[in-house]
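Here the structure is laid out as structure tokens; the discussion comes afterwards.
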Amino acid sequence: FPGLADVSISQDIPVEGEITVPVGSNSPDEDYSTLDEPVKDTIMRDLKAVGKKFVHVMYPRKSSALLRDWDLWGPLVLCVALALMLQGGSADSKDDGGPQFAEVFVIIWFGAVVITLNSKLLGGTISFFQSLCVLGYCVMPLTVAMLVCRLVLLAGGGTVSFIIRLIVVGAMFAWSTLASTAFLADSQPPNRKALVVYPIFLFYFVISWMILTFTPQ
């Protein structure tokens, strides 16, 4: 631009602002991430986290342990295991029971999503995936009940077998319901807890009924 060559900047004009870059030593923990650690360590840490969540479900109490570091790996494993054990047990199934796997899978996840949306609409303070995490991990007692029922059915049917399965499924149903409400109790408004607990009751009741009425082909 013409004329700019005649413009001179006085040496007395101070430069405002901080232009220096601070140099400091960062601790190794700040620079360390999962991208820098071995794959084995990452897998073992995730497995330990999933195992701790299983322990919290086995000994339910009012705690935010499942809410702080939520994940969906445990619920996915439980859902797949339960669907596999229920596969092929429908009395009106005319094939190898393949579609029932999808039915169980959809019922569990769709039910968990509906309960989560209901909780959020009622003013729940936890996130969407935190609620899915809790509901999914609390399916574990019912998965254990399904395993016990299959072992009982291997020994034979009859009235005694049905009574044993009824007791086991009833106890695990109560366990799942109490565990989930214990983790989700503090996240709901006090005057709306009943509206949140009722869908949870129905959710685990449907799964329990599927387990109790299971008859192998």
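The backbone N, Cα and C atoms fix where each Cβ goes, and this holds for glycine too.
Automatic prediction, not curation, is the source of TrEMBL annotations.
The shown structure was predicted, so the numbers you read here are calculated from the model rather than taken from an experiment.
Look at TrEMBL and you will find 57-210 tagged as domain 'Yip1'.
Beyond the ends of the transmembrane segment (70-89), by six or more residues, the same chain brings 46, 49-50, 53-54, 96-98, 100-101, 104-105, 108-109, 112, 127, 129-130, 132-133, 135-137, 139-140, 142-143, 146-147, 150, 207, 210-211, 214-217 to within a C-beta distance below 8 angstroms of the stretch. As annotated by TrEMBL, transmembrane segment applies to 70-89 (among others).
Per TrEMBL, transmembrane segment is recorded for 101-122 (among others). Beyond the transmembrane segment (101-122), the same-chain residues lying 6 or more positions past its ends with a Cβ under 8 Å from any Cβ of the stretch are 75, 79-80, 82-84, 86-87, 128, 131-132, 135-136, 139, 184, 187-189, 192, 195-196, 199-200, 203, 206-207, 210.
As annotated by TrEMBL, transmembrane segment applies to 134-156 (among others).
According to TrEMBL, the transmembrane segment annotation covers 162-184 (among others).
The transmembrane segment annotation in TrEMBL covers 196-215 (among others).
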